[in-house]
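The L-glutamate binding site annotation in Swiss-Prot covers ARG9, PHE10, ALA11, PRO12, SER13, GLU45, TYR170, ARG188. Feature annotation from Swiss-Prot assigns Zn(2+) binding site to CYS101, CYS103, TYR115, CYS119. Annotation comment: Swiss-Prot describes LYS229 as ATP binding site, evidence class sequence analysis. Sequence annotations record features per position, and here Swiss-Prot assigns motif ''HIGH' region' to 12-22. Sequence annotations record features per position, and here Swiss-Prot assigns motif ''KMSKS' region' to 226-230.
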Amino acid sequence: MSYSPYIGRFAPSPSGSLHFGSLIAALGSFLRARSQGGQWLVRIEDIDPPREVPGAADDILRTLDAFGLHWDGKLMYQSQRTEAYQAKIDVLLASGEAYFCQCTRKQIQAIGGVYDGRCRQLGHQSGAIRIVNRARVNHFHDGLMGEVAVPDSFAAEDFIIKRSDGLYAYQLAVVMDDAKTGITEVVRGADLIEASCRQLSLFNQFGYQAPAWMHLPLACAEAGFKLSKQNHATPVDKANPLPALKAALAFLGQPIPDAHSVESLLAQAVADFSVASIPRRREILIDGGG
């Protein structure tokens, strides 16, 4: 699938400083966009206040800048988009395409872990809000991993678009934001690969142009455990970006330029960038947590 012009993005959540795992996603999406002569946007996904760390968003942006990963256009903050999310939900509720659900996580686990739509016709006026999933997607093509499929039961589920605590769900926000900014390809970590099917469902149901997808291997300190802010992955060093940039290039299977500045390294990395060289694996074990 080809698009013109190319628009990519990096969308971190401000739950801590940028670490090596998130640098891989940032660098991979940046190189892909720049190698296509396209734009690279940055969006701060700050719609989950309990998980957010004060000052983390600004720290992430300063780190991107220190690493030469300069974004195009205006920054988007999801916290400034809540009126748009609510307006969409109001339309969905009014049209019968969404409904309130009062099922607990424990109740859903008791029936096998997949929600069965039992609240769809009950007329609740409070609780979580679920989409009536009319555009189910159980497979898609990934630009690195190839054909990806999910279980039919997962694809068919009426998933949550607004939580019972009043917070907007990731699936709704990311689809509306990608559509708003005209994203043509999403390049991100493989931990979100299954979520793409749900996002594709929303793109289709809302009549939005869906992007292409490319999911990069995750950096893991041990099998099944990606580097993350939650497990205290070491932040990358803003004062000395070259070693981490070179390590991230190596992780992505790219040649390491003989460069002594961030600018020259990235310029050569863009020129050399090859998707075919990226390992087609969901995770790669690395030494340590940095």
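Cβ coordinates are placed from backbone N, Cα and C, and glycine is handled just like the others.
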In the chain carrying ARG188 (L-glutamate binding site), residues 6 or more apart in sequence that have Cβ under 8 angstroms from it: ALA11, ALA25, SER29, MET214, HIS215, LEU216
Composition by DSSP (helix, strand, coil) of residues within the motif ''HIGH' region' (12-22): 3 helix, 1 strand, 7 coil
Env. residues of L-glutamate site, Cβ within 8 Å of mean position of ARG9, PHE10, ALA11, PRO12, SER13, GLU45, TYR170, ARG188 Cβ: ARG43, ILE44, VAL174
Conformational class of PHE10 (L-glutamate binding site) under the three-state DSSP mapping: strand
Structural state of ARG188 (L-glutamate binding site), classified by DSSP into three states: strand
Around the Cβ of TYR115 (Zn(2+) binding site), the count of other Cβ atoms that are within 10 Å: 22
Cβ-centroid neighbours of Zn(2+) site CYS101, CYS103, TYR115, CYS119, 8 Å, sequence order: GLN102, GLN107, ILE108, ASP116, GLY117, ARG118, ARG120, GLY127, ALA128, ARG130, ASP158
Coarse DSSP state, helix versus strand versus coil, of TYR170 (L-glutamate binding site): helix
Residue among the binding-site residues PHE10, TYR170 whose Cβ has the most other Cβ atoms within 10 Å: PHE10
Intrachain C-beta neighbours of PRO12 (L-glutamate binding site), sequence separation six or more, cut-off 8 angstroms: LEU18, SER22, ALA26, VAL42, ILE44, GLU45, ILE60
ALA11 (L-glutamate binding site), number of other Cβ atoms within 10 Å: 21
